[in-house]
């Protein structure tokens, strides 16, 4: 039983966070179910993401397969973007630079949507490994396109599943943002991974794998509950081979990753009552030095939304997790999923 453990404070050496493990706040890990499952609305009559409604969407960037009405994946502009892709705002900033003491960067950037299936009722975990691979290849291609823009420094791929996880549309989709900055959390991750490498001579993510924390593995990837997860039942999927950039993914590895990602999403759904979740691809910034290769390693993070973030977390940046990662990994290993 997790409640027999004493509380611990662990340091996440990858994301540079401290996490308090407080098992007294939880029931048994196997009983840690979502109180608000995602259960997206299956009604597609008004959905612009469904096949046949393409004209109702923001402009399309590309589709897979290309040049066909029988598409599997579409990448479109976000109708309500957080950043503007109008290059004129860069020109205006150059003509009128700001001289105040506050740091202001132009709001130029890209905010796209990846429609993962033409069918409204299909979730990402319903797709075959090759179908998920198509979605991953769409991410790769869009990242490569965004890297052609000189002002873009970092590209964030993420998925929100369920309204409480931030999804405003029930049709399965994910998002890509091309940013003119390297976000602080990314810079912190780079510094933390560099420090670990200088202390040990090894890549922190290459050393993450342990039998207690391992959930499953495929030919090219393995899935673990990290040593100091900020969230209960958080999962990381990591390439076996040391790789700096997600967009180095080839077709074979995309299908292999699709298989393991599908398995992890199904395990979370079966064990935790189809919880809302987020996943994020943590890759490297566009401009990296060759000297940084030994310690930079991309990974995919899955966070089921089982509880909210409170004032302590917001105020300190230190998270409280009621489930020890060793217990979470054991529970997830034991979930039988037939694909």
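A Cβ is built for glycine as well, from the same backbone N, Cα and C atoms used for every other residue.
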(message) Labelled region 'Disordered' by TrEMBL, one stretch among 21-43, 67-89. Can you tell me which?
(response) 21-43
(message) Roughly how many Å lie between the Cα atoms of residue 50 (Zn(2+) binding site) and residue 173 (active site, tele-UMP-histidine intermediate), rounded to a whole value?
(response) 11
(request) Could you please provide the mean pLDDT value for the domain 'Galactose-1-phosphate uridyl transferase N-terminal' (7-183)? (result) 87
(request) Give the number of CB atoms, excluding that of residue 173 (active site, tele-UMP-histidine intermediate) itself, located within 10 Å of its CB. (result) 22
(message) Whole-number answer please: how many Å between the C-alpha atoms of residue 120 (Zn(2+) binding site) and residue 173 (active site, tele-UMP-histidine intermediate)?
(response) 10
(request) Using C-alpha atoms only, work out the spacing between residue 47 (Zn(2+) binding site) and residue 173 (active site, tele-UMP-histidine intermediate) and round it to an integer in Å. (result) 12
(message) If you count other CB atoms within 10 A of each CB, which of 47, 50 wins among these binding-site residues?
(response) 50
